[in-house]
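Undergrad: Straight from TrEMBL, here's the annotation block:
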DOMAIN    1-141  domain 'Dynein heavy chain AAA module D4'
Amino acid sequence: MQEIIEMVRKAASADSGGKEVSPLIVLNFFIGRCKQNLHICICFSPIGSAFRSRLRLFPSLVTCCTIDWYEGWPENALEMVAKSYLERVNLNDQVKVSAVTAFKHFHITASQTSDKFYAETGRKTYITSASYLDLIRSYTEFVNTKLNETMAAKMRYIGGLEKLDFAASQVGIMQIDLEDLQPKLKVAAIETLEMMEVIEKE
C-alpha cells in the first residue's frame, strides 16, 4: 500500500494545487482515479447453473454493470471465423471449404434443434458462439495431432528404409569382398592341405 501512496503522491499533490497531502488524501485520490479510469470486462456463459449462482453471490454484477448479450452469429460470420481458424491448419483448400461448410451446418442444426427442444419441453438449452469456437478448436487440435503423428510415422519409416538400404548396400559390398576372396581362400585351403601332408609325414 505504501508503494501505491508513494507512486501517486505527486499526482495527488498536483491535483490539490501543490499542497502537502496526507496519505489518506493520496489513497482517496488513487481510489477516485481507479473508479474513473478502470474498466473491467467480464465474460460469462449462460449455460448451466454457474451463471445463476454467480449472479446470486454477486448481485452488483446486474445492478452496477452494463450487460451485453450477444445473439447468435450470422452464417457469413460463422464462415469467416472457421476460415480464420483453419488458416493455421496444413490442409488443402478443398478440405478446408468442406470443413467450414460442415461446421456451419452443425452449429445451425444444433441451434434449430435447441429451439425445437425448447418449444416441445419448455427447457432452454444454449448453443453459443463459444461452443462453435470449441468445435473448431477441437477439430484443428485433432487434425494437427494426427498430422504430427503421421509425419512422425513417415519419418520413422523413412529412417527404417534408409537403414535397410544401407544394410543392403553393405551386404552387396560384403558379397563382392567374398567373391574377391574366393580364389585366395582356395589357395589357402590348398596350402593348408599341403602343410597337413607335410606335418603328417614328419
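For all residues, glycine too, the Cβ spot is worked out from N, Cα and C.
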Undergrad: DSSP says what for the domain 'Dynein heavy chain AAA module D4' (1-141): how many helix, strand, coil residues?
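TA: Within the domain 'Dynein heavy chain AAA module D4' (1-141) the tally stands at 95 helix, 0 strand, 46 coil.
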Undergrad: Can you give me the average pLDDT across the domain 'Dynein heavy chain AAA module D4' (1-141), rounded to a whole number?
TA: 86
